[in-house]
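Asker: The structure's right below; bear with me while I get my questions together.
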């Protein structure tokens, strides 16, 4: 029995634990899981190993960090270090997107190294296997794709991206109308290239019932990939993106009927003014399914600083209802991220999530803001560091540029606004 099915009968211990952490009633949370409005990614064999994480309606915004090798840079030890660094700095989940080295061994090592849910994109592995046989990626058949999915589920991944919603109709829109950047989803491009080469419908769409059987057997959460996500703000909200969204909504219904948890992936590069509409449309078409967005990135001209751009878009998206933010690092569009990039990406995305939760009136966010305000009023620097999203950086600044008076900082010194006012109030007494 899957967790979704359990929640239709009772309140599982996993759900009770999440409810306590989130400050919601267990019965309400179980109902949302049963309805598909909240997902709890945890493979059937890993429920006791993975820290339970709820993603969706009424819960704090969660963040994901991507790690993984490439054909250019393949250091499994580094990827394990990156995964641990991401979790240490507050990532709620990790995805292994490896395309270089022993993919299965890397996946298993990352799953063993962290205690949060781990996701993957199996079609990458299917493509890599074809390349290693000296053949083109498009030479794979549907069995190659499905075997990769099955293998990842057998290995115990908690959630996986499956690009099942890109159909010939959506692909035709791209080919006929054109796009500034075509298809930028790596998994989406692999599937689309296969469809073009074989002049055939997406085998992941046509075999979705079989994928559901596998997911139900292992209780793996499906993350319905957005192959047609815009890679430029110029391509946002075009016909192809919307056609795929409609199919994602159809697949959400089929997942729920099968008792399989599902979330929906979204863009991508989207102008700031269009982000609220993107979220509202997804929530309507997909009947409240958890929304997992990459960014969104609201401008194309910030290479090297895309973690900042994505945090801006992510805060807007999350405030309007996105549930799950995939981090973007400073290396996005440029190179494989290193540990420092991963940390910066996680911190930027945590800021976006906290800003959104503050605006949404989440109690934990208000409490943390109140505690920080109190620490600042008291000029309690150690407490401020404890409350900071990243305690190390503010402590470093203060130690590197110390003030003359211990209770002040080197920005204002004796002209500190708080101290001036407090002294005046004390004198008045």
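Note that Cβ sites are derived from N, Cα and C of the backbone, with glycine treated the same way.
Annotated substrate binding site per Swiss-Prot: 66, 95, 124, 163, 185, 186, 187, 226, 227, 228, 229, 265, 292, in sequence order. Taken from Swiss-Prot, the feature Zn(2+) binding site covers 269, 333. Look at Swiss-Prot and you will find 409, 412, 416 tagged as [4Fe-4S] cluster binding site, backed by sequence analysis.
Let's see these features in context: how buried, what's close, how far.
Answerer: Following the DSSP three-state reduction, the secondary structure of residue 229 (substrate binding site) is coil. The C-beta environment of residue 229 (substrate binding site), restricted to residues of the same chain at least 6 apart in sequence and closer than 8 Å, consists of 184, 185, 188, 241, 265, 266, 267, 268, 269, 294.
Long-range Cβ contacts of residue 333 (Zn(2+) binding site) within its own chain (separation 6+, distance under 8 Å): 303, 306.
Cβ neighbours of residue 416 ([4Fe-4S] cluster binding site) (same chain, under 8 Å, six or more residues apart in sequence): 379, 408, 409. Residue 416 ([4Fe-4S] cluster binding site) carries neither a helix nor a strand DSSP state and counts as coil.
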Asker: Around the [4Fe-4S] cluster site formed by 409, 412, 416, list the extra residues of the same chain whose Cβ is within 8 Å of the site's Cβ centroid.
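Answerer: Sorted by sequence, the hits are 403, 408, 410, 411, 413, 414, 415, 417, 418, 419.
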Asker: Under a three-state reduction of DSSP output, how is residue 292 (substrate binding site) classified: helix, strand, or coil?
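Answerer: Residue 292 (substrate binding site) sits in a strand per DSSP.
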Asker: Give the distance between the Cα atoms of residue 66 (substrate binding site) and residue 412 ([4Fe-4S] cluster binding site), rounded to the nearest whole Å.
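Answerer: The separation of the Cα atoms works out to 40 Å.
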Asker: Around residue 227 (substrate binding site), which residues of its chain at least 6 apart sit with Cβ under 8 Å of its Cβ?
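Answerer: When sequence neighbours closer than 6 are ignored, residue 227 (substrate binding site) has 163, 165, 166, 170, 183, 185, 187, 188, 189, 191, 192, 244 within Cβ distance under 8 Å.
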Asker: Return the residue, from the listed binding-site residues 124, 292, with the maximum count of other C-beta atoms within 10 angstroms of its C-beta.
Answerer: 292
Asker: Show which residues of the chain containing residue 412 ([4Fe-4S] cluster binding site), separated from it by at least 6 in sequence, have their CB under 8 Å from its CB.
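Answerer: Same-chain residues close to residue 412 ([4Fe-4S] cluster binding site) (Cβ under 8 Å, separated by 6 or more): none.
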